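K.L.:
The structure follows.
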């Protein structure tokens, strides 16, 4: 009897009541009508449950039909099961192939074809440029790297979403770092950046200034009007370029014609390409930096050149000429040393010719025009000037002016000082005095900085309450928590610390709103041997396929051979060795079959299924060393009776019977051995090879040699060699008359 969950199907599928009754009665159920997303799956399993029962021994068997329509109803169920098994096997094969393709890094025909195709596209892109440089492509390495990344699967990654950039997706390229982003990602990035910059502003201030937004990688700033809204090729000529397998991804295939940087008046000659344009390959006629050499033709990108002759231009000192080789820009300061006087002329010192003006550390000390004081300035040029104490002078508070000789000090006026104190509110109440005013000691009712509390206290003391600010800072996450805050909360001083899109690092910036900047780190993805490396954005190293390495695998062989077959660097186990085994067999020959030290052997019977509902598992394979097969080298072997020589495999090269009659001449010299081919022992080396040996049969025949004429008797001896002996039998002979009888010996 089937379980209820098997009769009603699994998942969201439901069997109809009629099907359940048919299953309980033992009849073959038809596929039930399914509802919901799991209908097909539940229906197939319900049909299987109705059509297949469980025997007493635990094995699956087809339930007998109890109605005339049973066989016809069972066919759809079996067909559904068969289709389900076929689809399952196809999915398993596809998954296995996907895993093998993901883990394999060995060169295949498809990879070689793709590389050849990529090489043709690059050559086509560089053709016009190399025609200007006589085939020299040394200046194209940087551009070639960008183009190789465009072809390499996973090398082009959008730093905003940390996903691969495919050739059929709309993209945008930064003109500063040439990094490529998804168009949708960069539009959202620009919108978020503009919102974060303009959010602290009021509605009146918004729109008065064109705030920029930065590139996620190089922070190159773009205006609001430069926010990308359409998908263009690299050179910007074609909108929505079509996907062409024979062009660089996202390229229009036309000549780039972008202005070179720095601008030289020429345009790029490559086909529409990612990355920076190469140096200008045009030929121009130009002279050296110092203009002494004759003009020579040179590449426009290297038109600045030096003739390496002395510059000869007069230096700023006006006395010497520049002795450096021909150079660009202004000449360096004069490096010569000369004796020069200071500004006041009292001291002389050796100094660089490029800095003739210098001051000594002596006070001037010259008598001023008043005749009472001396000049207190340090080494200076020109006259000392008037005495600073001459003319009208004010009292310390500045209210009264006096005209006194320079030898007398200005007295105080006796009025109140009235200078504004440091508090900025009250004035000094002391009489006119010399020196700084005292601190303000008036008691006032002060309001704290946050404006929530008041207190009477000396004016010079600040008043800060203990109330902590509860406003949210500009990060929109954390409270200010500053004591007695004025309301103008400072920026959040905490570290953001959110995990970046790479899932490896945390944001090191201060706490902020919006999305974090992309992780700036790059990770080296290496092949197994480490000689082939590609750089990918941090976070992509877990999903990108390792680079294909053209270096030979350097692992030691795992079999008995001293060297392994040549194959490229790879991950995982090395492929099985296909070299001849060449082990010495017991017979002395070398094993000619392929190496079998690591043969895959199928294991069977290890897992016992719990019941018919359990799906059969895939067979397990183990690696083990198999013994060498029997030697198959043909060896000529003679049969036991020396009738023939046949080539037999070495492992079975033993004397054999050819199944013929022995044929050796017996001792009777009349007959041959009629035994099946057998071994014959030679009694001596001089014996005839055709003569019978002790193993041959003995002749037991009677002598059949012909008798002499007139002898009617047989030879009384058994079969023998040589002539028969004379017949000794007596014959009775009558005379002519028949009367007398004589007894005589036979001839």
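Using N, Cα and C of the backbone, Cβ positions are placed for all residues, glycine too.
Caution: TrEMBL annotation is automatic and unverified by curators.
Pasting the relevant annotations from TrEMBL:
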type	residues	note
COMPBIAS	23-35	compositional bias 'Low complexity'
DOMAIN	264-282	domain 'NF-X1-type'
DOMAIN	317-336	domain 'NF-X1-type'
DOMAIN	370-389	domain 'NF-X1-type'
DOMAIN	423-442	domain 'NF-X1-type'
DOMAIN	450-471	domain 'NF-X1-type'
DOMAIN	475-494	domain 'NF-X1-type'
DOMAIN	502-521	domain 'NF-X1-type'
DOMAIN	559-579	domain 'NF-X1-type'
DOMAIN	668-701	domain 'NF-X1-type'
DOMAIN	711-729	domain 'NF-X1-type'
REGION	1-76	region 'Disordered'
K.L.:
Using a Cβ-Cβ cut-off of under 8 Å, list the residues of the same chain that are 6+ residues beyond the ends of the domain 'NF-X1-type' (711-729) and lie near it.
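P.N.:
Hits for the domain 'NF-X1-type' (711-729): 667-671, 699-705, 745-747.
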K.L.:
Give me the DSSP three-state residue breakdown of the domain 'NF-X1-type' (502-521), ordered helix, strand, coil.
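P.N.:
Per-class counts: 0 helix, 2 strand, 18 coil.
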K.L.:
How many of the residues that make up the domain 'NF-X1-type' (423-442) does DSSP mark as helix, as strand and as coil?
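P.N.:
Here the numbers are 0 helix, 2 strand, 18 coil.
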K.L.:
Other than its close neighbours in sequence, what residues sit by the domain 'NF-X1-type' (502-521), given a CB gap under 8 Å and a spacing of at least six beyond its ends?
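P.N.:
Distant contacts of the domain 'NF-X1-type' (502-521): 159-160, 162, 189, 192-193, 195-196, 199, 216-217, 473-478, 491-496, 537-540.
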K.L.:
Helix, strand, coil: count each for the residues of the domain 'NF-X1-type' (317-336), based on DSSP.
P.N.:
0 helix, 2 strand, 18 coil
